[in-house]
Protein chains: 2
Amino acid sequence: MDEADLIARYFAPLAGPGGLGLRDDAALVAPPAGAEIVLTADALVAGVHFFAGDPPEAIAAKALAVNLSDLAAKAADPLGFLLTIALPGDWTPQWLEVFAKGLGDLARESRCPLLGGDTVATPGPLTLSITALGSVPAGRMIRRAGAKPGDRLYVSGTIGDAALGLALRRAELEGAPAPPWVDALDAAQKAHLVRRYLVPEPRLALTPALRACASAAMDVSDGLAGDLSALLRASGVGARVDLREAPLSPAAAAALRADPGLFEILFSSGDDYEILCAAAPEQAVRFEALAGGAVTAIGEVGPASAGAVFLGPDGDKLNFARDRYSHF
Amino acid sequence: MDEADLIARYFAPLAGPGGLGLRDDAALVAPPAGAEIVLTADALVAGVHFFAGDPPEAIAAKALAVNLSDLAAKAADPLGFLLTIALPGDWTPQWLEVFAKGLGDLARESRCPLLGGDTVATPGPLTLSITALGSVPAGRMIRRAGAKPGDRLYVSGTIGDAALGLALRRAELEGAPAPPWVDALDAAQKAHLVRRYLVPEPRLALTPALRACASAAMDVSDGLAGDLSALLRASGVGARVDLREAPLSPAAAAALRADPGLFEILFSSGDDYEILCAAAPEQAVRFEALAGGAVTAIGEVGPASAGAVFLGPDGDKLNFARDRYSHF
């Protein structure tokens, strides 16, 4: 199968009108009148960002979801995406078919069609790079910079699930020792954590709430504490955050009860793909209503001079040994 | 050096205003009023698309240039690009500094600033993926489909240099046998061919001519014969092309004289990054004037029923054993 056949068979069915059937040199997008274009790109490498043996539909969905998560954090409406895929020599049509199905399912669900890309061979691991485009009304992209003293801080969904899911996958796939908290979880809880690691859920449903109310936002991809510190630095402010208020899934809460040493890990590990944002206090009621219960207040922005203070399990100030995960 | 330091040091200086200092989750581009956005993405892998030992500034320039070449073929004005780079463990600050300089030089020269991207580690070879954005007045992107019987066919620059440059690099870097034509070339001619392989020159200067006059266009990246066949298929037409009219550099012409067996290779190998286009006969004078001598007429579009006929060195119909190079 040559590259043109492969594209026609697996990727062209995913293309939106702007993809021109993936038969031209480029894609063509007509931005909505008065809109600005929001652009983000993330690369994922087998063995670094996912396990080569992960389900192909999950690998595909993750590659797209981490980009959609950035669009969601900027309150952008998806317009489409481009994918470059470097395939190792041992790829099979079966693998690619399931990969394309996973990609297409999330693309349809998030109204973010494939626009173009490139398929190449690699002697190395499977490597994916996605660039996603969104649109915002001019001047309305939510930045990292913009949080002001007095703003409330919110986070969507639950934090720390993916870190625990990764530990479970390591034990399963790489023979790493089973984590000490594993016996405290039932099968459904373990499956929940693994699913949260495998397939992030981009929080695009928050876009109206963020656009209406947020003063600053970013997605939590490298650990809540480190990412929040980045948002505060960009905004030139400090904050007091009570991590006991941070939202945990029942599975993560059970793991934490079994192993209190997890506390710091939950808030400093990668792959949450939740939205962290700030909103002025007078916007709080409206924001929470528009968000429909999908966010949790975790603290308040203060002056830069007060620094970034995280309260730990005993209500005392927590000093992270390492507040952020790095894939690099 | 962590990822944030690396970005701040090497890539942030290349960022245009839309890149927001590479300190947010996303880039923000305000498209010109009434414009449509043209998007293209290409991935390059060390050992597949370039030699790992190629000069870092040439690797960087090639990665951007192949994308700019697609924008040029669509008559799009560059708006910016996103880069994802997967770095093997043995990268050095010196390497990255020269890489960034090469990238920045071409970005400035082509008014195509860096907008964003991602930097990740890989256990495999250096892998680059660039998505480039351009703009066209609404409805004015030049497609592959659009050539009509009677149109003249043109190609920019010279064809086949990169294929010969690649053969010289293989002999130099991989100990492949020296090509039989090498002794017919002087040092400057050999250097010209190698440079043409290492650093394509995107033909952005042709944009006004293409936008004013072309009925169809694409860039020649995988071999003139195969790419022209793709353009003809997309347009639903045939053509008669006299390859004796195809433009050769003095170096390629000298090699061909020394080894007439090169003829088919020159027109079916990759990495030319020239523009192939069609223009109605009544546009020919204007097109050639606007192009300023940078294009050569190579044939004429005919009905689909006539097929794609390539005339070879003796004026007879040439049947390519393989009309197109594939990196996949």
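Note: Cβ is positioned from N, Cα and C throughout, glycine not excepted.
Note: TrEMBL annotation is automatic and uncurated.
Bear in mind that the values here come from a model prediction, so they are computed numbers and not experimental data.
According to TrEMBL, the feature domain 'PurM-like N-terminal' maps to B:24-136. With helix defined as DSSP H, G or I and strand as E or B, the domain 'PurM-like N-terminal' (B:24-136) counts 35 helix, 45 strand, 33 coil.
Classification of B:ASP219 (Mg(2+) 3 binding site) by DSSP places it within a strand. A simple way to gauge crowding: the CB of B:ASP219 (Mg(2+) 3 binding site) has 28 other CB atoms within 10 angstroms, across all the protein chains here. Marked as Mg(2+) 3 binding site by TrEMBL: B:ASP25, B:ASP70, B:ASP219.
Residues or ranges marked as Mg(2+) 4 binding site in TrEMBL: B:ASP25, B:THR40, B:ASP70. Cβ neighbours within 10 Å of B:ASP70 (Mg(2+) 3 binding site), excluding its own Cβ and spanning all shown chains: 25.
What TrEMBL records for B:ASP42, B:ASP118 is Mg(2+) 1 binding site. In sequence order, B:THR84, B:ILE85 are the residues near B:ASP118 (Mg(2+) 1 binding site), counting only same-chain partners six or more apart with C-beta under 8 A.
Residues or ranges marked as Mg(2+) 2 binding site in TrEMBL: B:ASP42, B:ASP70.
The substrate binding site feature in TrEMBL is assigned to B:HIS49, B:ASP271, B:TYR325. B:TYR325 (substrate binding site) carries neither a helix nor a strand DSSP state and counts as coil.
The feature ATP binding site is assigned by TrEMBL to B:GLY117, B:ASP118, B:ARG144, B:SER221. Close to B:ARG144 (ATP binding site) in the fold, though at least 6 residues off in sequence, lie B:ALA216, B:ALA217, B:MET218, B:ALA230, B:LEU231, B:ALA234, B:SER235, each with a CB less than 8 Å from its CB.
Taken from TrEMBL, the feature domain 'PurM-like C-terminal' covers B:148-309.
For B:ASP222, the entry in TrEMBL reads Mg(2+) 5 binding site.
Within the model, the domain 'PurM-like N-terminal' (B:24-136) shows a mean pLDDT value of 97, rounded to a whole number.
Taking B:ASP222 (Mg(2+) 5 binding site) as the reference point, the binding-site residues whose C-alpha atoms are within 10 Å of its C-alpha, out of B:ASP42, B:HIS49, B:ASP70, B:GLY117, B:ASP271, are B:ASP271. When the C-beta distance to chain A is held to under 8 angstroms, the binding-site residues B:ASP25, B:GLY117, B:ARG144, B:ASP222, B:ASP271 reduce to B:ASP25, B:GLY117, B:ARG144, listed in sequence order.
The 10 Å shell around the Cβ of B:TYR325 (substrate binding site) contains 19 further Cβ atoms across the protein chains shown. B:ASP222 (Mg(2+) 5 binding site) is surrounded by 21 other CB atoms, counting those within 10 A of its CB over all protein chains shown. B:HIS49 (substrate binding site): 22 other CB atoms within 10 A of its CB, across all protein chains.
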